[in-house]
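Here the structure comes first, spelled out in structure tokens, and everything after it is commentary.
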């Protein structure tokens, strides 16, 4: 990331951090103070998170001021520029990886039997990322080896966790 | 003497049982994990923790230490052959290792790295055996005030040293970790904090799922984001020439081993800094400074001695203070707690033999690393031919199952996903991960120590500052913060320049 992009990223992230820090302070103040239990006021549950929130808000503010001084606030979003950025191979690879991994972990892993879900995920991941690498669907040999890899990995991981280490995997 | 006997007994016990086989496979697996870009020592130790938590404590810890030692060393292979550090601890290795490989000396570069790692590991091991019992005894005098400052000191120093260009980001990462540790029921009155009625959140955020996310999924995303690396086509030359070459710089290796151990000792700093600091010191004192970065054997040796010495170094605070010296050491600490071992100041009273067992484990892992590293130089190169497109999905499956396996909770999978995405964004914004993890580990200590300290002193803050050990810790932390401020550094520069001019006159 270039210094100018980092300044812009710092500008946005520091606002998020400052708001988050203030939120933590507010929520810490709302935590029970246990007056009914007559507890020592120095041991109330909100004291430590309150201080941490305060530090995060101040640190966020420090980065915000620094990024403003460095011109990070000059953000001119354009549809064209955003589309160009989204179309780069780097962003595409990251996006595809996030989507496929999330589908596996959130939908397949808890709901579908492991020995079915895992080979499907591995095969889909390999095919999708290799398609981007080679600029089209991989050849038949690569597809076949990806399928073999997916099936063997699924069976092997299932065996190691379920049968050797007695972990009951979800998904039936 | 008792320590030496305990050490010898532990070595004998491991070598005359099936555990010897564990040393071999776990170290080899560690080397392979370290070699593969995208698989770090932290992730390797975290995933193996989930696989070994039903084993006996000694066997599980032995396997994890072998994985840790092997992975930190294994990262040197990809650094030398691909110019991609297998783990962040091997970044300095690539500076001289890769130019050596390009010059047709890949075999001797790998041998130099192996020799340096063995040297460093052994120096760190001796330091572990000598310092741990002394530090544990010293730590017995720690109370709430000292532990509070230790937690603050750890987070600040770790934040600063892992983010030298922008220390404030390191501190923020550390304080975010401390905040994460406050989620869930607090330890004094069992009041749920920031859980909003969720029983899962009330149970707190597990360290292992968070680490698997921050070092597993975040790493997968980082690797997939980058351009693909080319499979290596390097022919290895003689390995033995490298060992002879490394021997010429034995004093560099010893100095690097000591620096690496010291870096390991400092909470949350670990192998990365062990390697960089050793490399910088070697360059500073070398007769051939110009060769550094262009294929210097001395530089390569220093980097590898430094990072492997930091491994036992990082175990010293784990055992004696229950404070991790590095990110993989934080997982080891969690694994020890899972197995019913109670690291901390009482360890030399409650289980004195355990410290020497750990020394023996480090010793055997280091020997195995050296032997396997030298014997399997050529076959291990084949590991680097695996493409990321085929490796990463398998790693992600292991991350998912690993996060789930610890407590059989789907919630832990969500935690892993959250820390994976959150960790990836933080990395892109140049926030380091190690202080975040250290913060999660130290959060509970900080929370309880501050509140207990306030009760003991009846709200009198002076008592936090005027006890001798507390003073050392808070003054060190303050100095560290002040020295990072550009205005303070400018002022110091001006003062020093003025005084040198005055002396010259």
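Even glycines carry a Cβ here, placed using N, Cα and C.
Whatever TrEMBL says is automated annotation, not expert-curated.
Owing to the predicted nature of the structure, the values given are computational and were not obtained by experimental measurement.
Of the listed segments B:267-298, B:395-426, TrEMBL assigns transmembrane segment to B:395-426. Listed as Cβ neighbours of the transmembrane segment (B:60-80) (distance under 8 Å, sequence separation of 6 or more from its ends, same chain) are residues 14, 19, 22-23, 26-37, 39-41, 44-45, 48-49, 52-53, 86-87, 89-91, 93-94, 97-98, 100-101, 106, 109-110, 113-114, 117, 121, 271, 300, 304, 307-308, 310-311, 315, 328-329, 331-332, 335-336, 339, 341, 357-358, 361-362, 364-366, 368-369, 372-373, 380-381, 383-384. With respect to Cβ pairs under 8 Å, the transmembrane segment (B:471-492) is most closely packed against B:138-158, considering the stretches B:109-131, B:138-158, B:314-341, B:395-426. Contact count against the transmembrane segment (B:353-375) (Cβ pairs under 8 Å) is highest for B:109-131, out of B:23-48, B:109-131, B:138-158, B:395-426. The transmembrane segment (B:109-131) shares more Cβ pairs under 8 Å with B:314-341 than with any other stretch in the list B:23-48, B:138-158, B:314-341. Within its own chain, the transmembrane segment (B:314-341) has Cβ neighbours under 8 Å at 40-42, 44-46, 49, 52-53, 57, 60-61, 64-65, 68, 71-72, 127-128, 131-132, 135-136, 139, 142, 150-151, 154, 207-208, 211, 215, 264-271, 347-348, 351, 354-355, 358, 362, 433-434, 437-438, 440-442, 445, counting only residues six or more beyond its boundaries.
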